[in-house]
């Protein structure tokens, strides 16, 4: 399951498996995974119009771009989005609700801010999800009226707001690490790519759910204000303590997994009837390689699996030294059975994982020579 090839580590280095090493990018095809195509397929030539009409122009068509570039129908030739996992049905259901206990002062601060943000977010989005009394026979309409469950609009408000904010940390981290790499004139050791992948993955969640409804000007204004405040605060915090910021994001993902798990429970119990037979957005089918007859339940399962990946990666990053350690996930990525049932790699596990990845890489190289 290889993603990136690292150069041979120097044996004289202390903690060699996790110390900064030269890296070269290698993308290999693998079943069930999506990769970025380095050579985009040629676009079909079209006659140039002297006065193109905006409504019919290929440049202004809403669905002009797909995440699955094709030369002709059914002929997939790569992916213009960054690396992202594509899950089997079994992997999607391997996710467990886990929590890392906050022990140090930075961890307690990070978790405290997440709980505070969660409370504010619940108020803004109208999220309650009270426990339904056992044996109480109520219709969906009655459950919604009593505040036990959210309706479709309530879920979309919550998800859309969540995903507009969730795409910020990865971009901030990637930006600052990119600038550090330029300023110090040294390699980043794989962190930038993973942070960018996380940011784009969250944005693709937004691209999926925004097709289900139009947002009001007030909702957009709220997002604008929240994004502006959060971006700058997270930027300054990451300058001070990258590890605390990654821990903060991991705790945030724990909450996201909890929310999506409750959404799945409501869907499976028939409490969101509007989504029972609703067509899945085409962008979701393309992005996660879902079957043509996929349901909204499949989309929510895929999104929850993505959040589980972010939980695992950020908790693992918070266990490493961001100044000296390489990204253990730059070469390959653990499967969902690992990410779904384990909260993170500690530093020793990450070191062993990097060493194991190098062994696999060496075997692959030898096989290619034969």
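In case you wondered, yes, glycine gets a Cβ from its N, Cα and C as well.
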Among 307, 333, 349, 351, TrEMBL assigns to the Fe cation 1 site of 163, 202, 205 just 307
Out of 253, 254, 255, TrEMBL lists as part of the Fe cation 2 site with 202, 307, 310 the residue 253
Transmembrane segment per TrEMBL, picked from 217-240, 265-288, is residues 217-240
Taking only the CA atoms, the spacing between residue 205 (Fe cation 1 binding site) and residue 310 (Fe cation 2 binding site), expressed in whole angstrom, is 13
Spatial hits near residue 253 (Fe cation 2 binding site) (Cα distance within 10 Å) out of the binding-site residues 163, 202, 307 come to 307
Those same-chain residues, other than 163, 202, 205, 307, found with Cβ within 8 Å of the centroid of the Fe cation 1-site Cβ atoms are 162, 166, 167, 201, 203, 204, 206, 256, 303, 306
Cβ proximity for residue 202 (Fe cation 1 binding site), under 8 A, sequence spacing 6+, ordered by residue number, returns 163, 166, 167, 170, 306, 310
Ordered by sequence, the long-range same-chain Cβ contacts of residue 307 (Fe cation 1 binding site) under 8 Å (at least 6 apart) are 253, 256, 257, 260
